[in-house]
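The structure appears right after this line, and notes come after that.
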Amino acid sequence: MSDESKVNGNSKNEQLEPFRSNDEGKKMTTNQGLKVSEDEFSLKAGERGPTLLEDFHFREKMTHFDHERIPERIVHARGFAAHGEFELYHSMKEYTKAGFLLDPSVKTPVFVRFSTVAGSRGSAETVRDARGFATKFYTQEGNYDLVGNNIPVFFIQDAVKFPDLIHALKPEPHNEMPQAASAHDTFWDFVANNQESAHMIMWAMSDRAIPRSLKMMEGFGVHTFRFVNDQGVAHFVKFHWKPLLGAHSLVWDEAQKISGKDPDFHRRDLWESIENGDYPEFEFGVQLLKEEDEFKFDFDILDPTKLWPEEDVPVQIIGKMTLNRNVDNVFAETEQVAFHPGHVVPGIDFSNDPLLQGRLISYTDTQLIRLGGPNFHELPINRPVCPFHNNQRDGYGRQTINKGPVSYHNNSLAGNTPATSTEAEGGYVSYQEKVEGRKVRARSDSFKDHFSQATLFWNSMSEPEKEHIIAAFSFELGKVKHKFIRQQVVDMFANVNTEMAAAIAEAVGATPPQGGGSKVMKSSPALSLANKAKTPKGRKVGVIAASGFNSGEVNAVLEALKAEGVQAEVISAKLGKVAGTDGLELEAMHTFLTADSVLFDAVYAAGGTAPDKKFIKDAAYFLNEAYAHYKPISAGGEGRAWLEASGIGKGPGVVMGEDSKLDTKSFIAAIAAHRHWDRQPV
Ligand code: HDE
């Protein structure tokens, strides 16, 4: 591979090419390459006789099938991934010697896997949960994995508690219920008895835990890491991904309905965006702290239940990732990709965060069972794009044919190669942090404030966000059967905010909290989704149309939407062409049976001669539901009558056409706003 193609092309894509196989148009063979003459009938002793053991084709085919499944990930089993590229805006030489963060002219191939945490591999995607956001950078110095989440803090402070947390979160073992949900007794029992979870729970009960789209959520490295420059000077660093489409969420009722209407909602949305060339983009940000500022905060920067408020430590945007290629095969790539926070490159190092420290052992270990042995790094998706050589040998599925007799170090037979590299030659040298202490099983006192940042989060929310948090707690605890657990949780969250806890208590039949309260007055505007970028780009509008719609108006609206990067899909009584007044034809991709308002961000009732009353009833239902989910609605022509039939009048985010003209600007502004919380219920 030429150096030029490594830089200007996508070296990972090129590396994967020889592994791709296109079977179309080819002759069928066994795995040994033998042409197969018959694939419908097994070899039998007589047409009605028993199948013969010598039928090697049948045996091979069936045996392979019998072994098609591998264990799903213990957490983050349900995931979806895409390829892309990372480009740097400016050199970070001052802070790190990581090669991919030095030269803005170099594009680094990436592979990103998004996931839910709790659910099984086939579970619905719009459940209330944190989302995994794992990025593999295929750098010229080796793979760097940033294995983050869409929430910047975690439930626990020490990795030793991770199995307990996950046991409590997963379906209860005696009846394997509920699937992909935290709304059950064991989870909330864990929360009440492990109060360090308070901050993360606030995020999990907020709109962040039901993202509208994988391309519309932020990502966080969570832990404090280190950047180390070529002078050996270190800075503490936290990593951020900021979506260019802004961060947006579903509403809970909608999220639950989508789980039934389209359990693949998030992957479909990501897949289609990439297929349509609307490539998801995320800017890469870092918060940096000098080593000497380690103790300047009222929290411990090693505590993974704490974030660094962006107003105190600004996020510097240093690059951008674009996801521009879907996988060819989900199993080969998405399922077999193996992430590990310990896959680092020179210039990136760890901190003593006890959660991070524990992760460093868990990830390789889990791949060994999941991918069946120690050679998972040889799978095409996991191979670094730079050469790799060492004395590791053999094991299940070994593909590399290492030549020569030497597989040990030191040696003379091979001139003591593969040779180690000095730091100047790019060898990884751990940051020489001075460490001393007694061997203890203990939590530092600096880790003991579990509530201040939970209150900071609450204080930072807009009113609608606060209402959603209370509703989410009320739902989750409402599913908890043990009254005393509900009470314990209410009492625990009184430490975050007493009014919030009282409102939850009221909803779940608990006694209002007696004590509690917080002195924290501070807020961090960066934490509220209400303050995120608003753009109509990337949204999807459902266009309800019947034959005879006003072509001029509808065309103008569709053109305006397209110009803003908004996707429009037509819904009608049946699939196929829908003709407008002057011959404009639209293709109905959906009917009221196959589509639902929950699958769209906005609705445009375009009008036309409704074939029957059922059409008007279906349209009204569609509009009503969209309205209830605070979505922008516009109506032109007969669409206005449908809107009236649904009982929706004028109001926030409702744009009515007049005299065959719809104010497209207002509609697009309403789409950009996404939700219109100030609406009164119909
Ligand atoms: Fe993970 N985590 N985790 N985790 N995690 C896994 O590794 C683990 C934690 C995260 O798309 C597993 O390959 C421990 C925090 C993502 O393939 C496993 C602890 C964060 C993914 C594991 C944590 C994450 C995983 C399961 C506490 C955000 C999916 C399968 C010490 C910063 C990666 C696998 C993918 C997956 C262990 C906590 C993110 C078992 C022990 C905090 C995005 O190794």
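Heads up, the Cβ atoms here are built off N, Cα and C, so glycines get one too.
Nobody curates TrEMBL annotations by hand; they come from automatic prediction.
Listed in TrEMBL for this protein:
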{"type": "REGION", "residues": "1-41", "note": "region 'Disordered'"}
{"type": "COMPBIAS", "residues": "14-27", "note": "compositional bias 'Basic and acidic residues'"}
{"type": "DOMAIN", "residues": "29-417", "note": "domain 'Catalase core'"}
{"type": "BINDING", "residues": "ARG73, ARG113, PHE162, ARG359, TYR363, ARG370", "note": "heme binding site"}
{"type": "ACT_SITE", "residues": "HIS76", "note": "active site"}
{"type": "ACT_SITE", "residues": "ASN149", "note": "active site"}
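Here the features listed in TrEMBL are placed on the structure.
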residue: ARG73; record: heme binding site; DSSP class: coil
residue: ARG113; record: heme binding site; DSSP class: strand
residue: ASN149; record: active site; DSSP class: strand
residue: PHE162; record: heme binding site; DSSP class: helix
residue: ARG359; record: heme binding site; DSSP class: helix
residue: ARG370; record: heme binding site; DSSP class: helix
C-beta crowding around PHE162 (heme binding site), within 10 angstroms: 18
Pairwise Cα distance maximum in Å, heme-binding residues per record: ARG73, ARG113, PHE162, ARG359, TYR363, ARG370: 21
Protein Cβ atoms within 10 Å of ARG359 (heme binding site), excluding its own: 20
Tally of DSSP helical, extended and coil residues in the region 'Disordered' (1-41): 15 helix, 2 strand, 24 coil
Rounded to the nearest Å - Cα separation of ASN149 (active site) and HIS76 (active site): 10
Distance from HIS76 (active site) back to ARG113 (heme binding site), taken between C-alpha atoms, in Å: 10
